[in-house]
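Visitor: The structure follows.
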Amino acid sequence: MIDIGSVEARLADSKVVDFAKAGEKHRAERSHKDKEEKVEEMRKRFEGALPTKKTPVKDFLRKKKAKKKR
């Protein structure tokens, strides 16, 4: 015979969610999505301004990063 109390306890233990981990994962996903949206907007702007340049966004971000390091 199965003890119902032990089965419920086992199921409850398997469904425990660590909110710190879940929150961090959600924050990381949202942050990544926001960054991708910003880069996409930049691509559109640069495409209109510099249609002949091969990688204008990448060049801009590299230049910006190099400037920060100085």
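Every residue, even glycine, has its Cβ placed from backbone N, Cα and C.
The compositional bias 'Basic and acidic residues' feature in TrEMBL is assigned to 22-47. What TrEMBL records for 61-70 is compositional bias 'Basic residues'. According to TrEMBL, the region 'Disordered' annotation covers 22-70.
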Visitor: Looking only at the compositional bias 'Basic and acidic residues' (22-47), how are its residues distributed among DSSP helix, strand and coil?
Guide: 26 helix, 0 strand, 0 coil
Visitor: For the compositional bias 'Basic residues' (61-70), give the DSSP counts of helix residues, strand residues and coil residues.
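Guide: Output for the compositional bias 'Basic residues' (61-70) reads 9 helix, 0 strand, 1 coil.
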